[in-house]
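Feature annotation from TrEMBL assigns domain 'Trs120/TRAPPC9 N-terminal' to 186-259. TrEMBL lists 361-508 with the feature domain 'Trs120/TRAPPC9 TPR region'. The domain 'Trs120/TRAPPC9 first Ig-like' annotation in TrEMBL covers 539-667. Residues or ranges marked as domain 'Trs120/TRAPPC9 third Ig-like' by TrEMBL: 890-1008. The feature region 'Disordered' is assigned by TrEMBL to 951-971. The domain 'Trs120/TRAPPC9 fourth Ig-like' feature in TrEMBL is assigned to 1030-1141.
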Amino acid sequence: MSTPDYMQCAEDHQTVLVVVQPVGIVPEDQFFKIYKRIASVNQVNIRDSQRLLFIRYRHHYPPENNDWGDFQTHRKVVGLIAVTTCASAKEWPQTSERFHGQKEVYGSTLYDSRLLVFGLQGEIAEQQRTDVAFYSSYDNCPDVEKRVEDFVESIFIVLESKRLDRATDKSGDKIPLLCVPFEKKDFVGLDTDSRHYKKRCQGRMRKHVGDLCLQAGMLQDALVHYHMAVELLRSVNDFLWLGAALEGLCSASVIFHYPGGTAGKSGARKASVSQAADAGKRHRPGAQEVLIDPGALTTNGISADTSSEIGRAKNCLSQEDIIEKYKEAISYYGKYKSAGVIELEACVKAVRVLAIQKRAMEASEFLQNAVYINLGQLSEEEKIQRYSILSELYDLIGFHRKSAFFKRVAAMQCVAPTIPEPGWRACYKLLLETLPGYSLSLDPKDFSKGTHRGWAAVQMRLLHELVYASRRMGNPALSVRHLSFLLQTMLDFLSDQEKKEVTQSLENYTSKCPGGMEMITLPDGLKLPPVPFTKLPIVRSVTLLNLPLSLRPHKVKGPVGQNMSTKSPFIYSPIIMHGRGDDRSKKIDFQWVQGDVCEVQLMVYNPMPFELRVENMGLLTSGVDFEPLPAALSLPAESGLYPVTLVGVPRTAGNITVNGYRTSVFGVSSDCLLENLVGVKSSGCMLEVVPSLPRLQLSTSLPRSAHSCGEDMSSSVCVQLFNGETQQLTLTLENIGTETLETLDVTSKVLSTKEKLFGEFLSWDLNQAKSCLPLKPGQSLTLTVNIRVKLDFSGQENLLQDLNDDGISVTGLPISSPLRQVLKPRTENKPVSTDTSKTEFSHIKTLEAVLYFKYSGGAGQVEGYYREVTLGVKVDVEPSVFFTRVSTLPATSTRQCHLLLDVFNSTEHELTLSSRNNEDLLLHASECQRMAIQVDKFDFESLARLQTQSEQTALGSSSRRQQEEERQQAQGGYINSKLDIRWSIPSLRRQGEASVEGVLNQLVLEHLQLAPLQWDVLVNGKPCDCDVVADCKVGDAVPLEVKLTNHSKNTVGPFALTVVPFQDYQNGVQNYDLQDAITFIGSNTFYIDTVNPSDDSVCVGALLFLYTGDFYLNIKFQEEISAGRELPPAWFCLPSVHIKAQEAVEAAA
């Protein structure tokens, strides 16, 4: 026997073999359809008996194997079912003849046969025959199974008769010697009458009867006969048949212990009635064998005494003994070269039993023995089958890597050089089956987490073989997929040279068949998942970038709680406001805008030892319609972390999720999902895309600054101005977006500065710009912003020598020292040229401010979003002039005074200083001069009233000191507006203002303040003030009026005024003894009663001049009578009165 049956298992010993074959031309699909229906009848309950008959079907069986039927009866073909197609009655004789020819092949062993004829109709088909069944078609044959059952019962009848015939002890009859084919020539000429020969014949027959009993369903009888055969054959050293008897004993014991079978799910069978009864009587492991006299058996194998059944069960081997007997039987088979197939099949059966017993190491010993069994010259197909079965058996006992090894050997055998037409498809299919044994799968996700499993070198060899096999199959797509898998999963184990070779091979393959992300389905249904190149390059972090500052959307802030659900009864709910923590952990707190280019930054590095070219690298997103803008990059060899920015444009609004990125490397397109990347840091991958908004582009008339201001600015400008100078900044705002700009608002903010700033730094008129709205795409508007710098103009005392006021007044104090009383001698027009002073005065100060342009439009405005573009304004302020000293002198009028300013030109140019109603003052570089300005005193009370009204609208928490400072600053600004001091530099054609706001101290302000009590003196109805000389005639009465106007907040008075006339000789002598020259008409004392606020009071008197001359009137207060002691003296400044008395003739002239 040369052809082994690798599917053999121990329970096959109780089956009868039936061959099902086609006769003539039968469609293959139709034949196997009928074959499956026939094979479904694999066990039949015999009528009038409690026994089961098991049938084993084969559609191909070598006739030479049938010759071993006496050695083991389950190898004998006892039934033949022929399937044929007969279209007409003319073909029937030929078909019948073929059927008989088929029977002759197995004729010596057949018990019965059947012919199934399909397609024949008519008289012949109507004949009733037991061995032939006619059917009109393959689809119309409902009773095939029933006919097969009847056929099996007929086989059982023959089998049972043969068993009874052989089992009956016919004393006197000569027992024939059963032989295997190769023994026949060895027994020629032997002494058939010797005791040794007879024992051999008896032992072999006992073994044969045991086989028949086992097939007939009589397990206990078979055990008894096998035991007897073992003893007989062992005594005559008939090793081949002794091995067969031991194997039969093992098979019967296996059937007893394992009713479900040992062939796995495919060979599982139902437990018979007798087996179910025997299952409860299993012997303990290691029990001794007990032989029973076969004479105690009845003809049908069922004993009348049930107690003997217990004894029969003891003939069964224990589970441990089964394996020992198998080893012994195999050792006997090994003595015979021609019994190699029997030995191999016995090893397979023992392995299946050990697999159920979970004794893997012992099973591997049997398999190792099977590997080295020489079966002679095997065909390539038989070698493939042998290695495949060895692989399956190793897999059955859990030796997966060993199983994979033999499966791979089988695969290589499919394409052996000796085969004229190598079977690459079969090779590829077998190689795929080896993958689990080597801890390989075709899914790259299995290699993305945890440590690498398996031997990388073996895995790479296997993957290379898969690539080669798929190429020889003519499927380049498969080659690309496997080579991509090799590069992705085995990258860490490839040497630099191997990396270059693999990538070159991959590029060669992809030049003919580019790799993609589609699922590849093989003909057998196996699906190869796509292999994204997540390691080419390796990504370490993914960061979604915010839009540039000028393009970021801002939500219009509404009232608190406006966005909260109105259905909730709670004032505050963290669930409503913040949502679930899981959602917030992934969503990013900034937004993208529909239609704008958005960016995602990846930190990548190239692990390859050569330059890596990545093409068409773009983003993978979901949630909104997103247009990725692919990028191409080239990473140097082993580059280290390298930033890559991927961009795209969201075309719709909503929530967008960045799922990963797409690449094309070595001709393979990959979709790399972030969830499949290992060790990637990400701050989140979901954010909101708001509806589209307009875009403003800002251009300025001034040069842009290289350095932005303190905050992040869209852009910034820088300008250099002198202190007090004003510069116009023209801004052009162009709508470069696709949405119409509908709203525009401009605000400014001065950044924190140590310098005190007076007045508005930035000012503009937005009305003209708003008149251009709405601004369509492509249109622009202009806005003029005035930059006005007005810092403190006060100088420091130690930088200059003070200019005194020649002792005329000590009301003026140095700016830096309010308590200074010592006046230094003045040096006329002395320039200050010391290095220290130049350094100090040339110090440039910096002012910074931000202009905010808030604008909106389009769908984004409907949703409550706007954009904000910012412009930083940086001004370097150079000093222009300094007021180093300020003082006041009284004027001739009580309502005027002189303001004295010492002015220093700190520039390097000639400078002209001017003020209202005053001559220009020319100052050379670094020159200091005094400037005198006659000013009307100021009514601060009205200013204070306006300020009080504004303070009432503001919060009342400011301190008194702050209020005082604000009041002083308001007064300084008011005075400055009246003075209108300006400077100009003709050589530079630049001009500006010089402010005294920060220069005036409290004492100077008091001198400049108009007293709340206004005194007016009228002579002859004309006011006397400012050196006005009143004319009168000698001898005429001169009316004298004194009018008091109360501008204070309180009631004042009463007051008593005394008029004292005198003459001034202009030589320091004053004459008060004028009783003979002047007489009063009435009293020389005027009385004024209480005066309410905002009211006035007038008292009238008269004078009579007796002589001509210049007379002066000194009006004094009588302190003991007047109620003004608590009021400041400055409130009682009455104007001086100068009267010139003339003769009547002179006056007329």
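Each residue, glycine too, has its Cβ placed from N, Cα and C.
Owing to the predicted nature of the structure, the values given are computational and were not obtained by experimental measurement.
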Across the domain 'Trs120/TRAPPC9 fourth Ig-like' (1030-1141) the predicted model averages a pLDDT of 83
Grouping DSSP H, G, I as helix and E, B as strand, the residues of the domain 'Trs120/TRAPPC9 TPR region' (361-508) number 108 helix, 0 strand, 40 coil
For the domain 'Trs120/TRAPPC9 third Ig-like' (890-1008), the DSSP residue counts stand at 41 helix, 36 strand, 42 coil
Secondary structure of the domain 'Trs120/TRAPPC9 N-terminal' (186-259) by DSSP, residue by residue, totals 57 helix, 0 strand, 17 coil
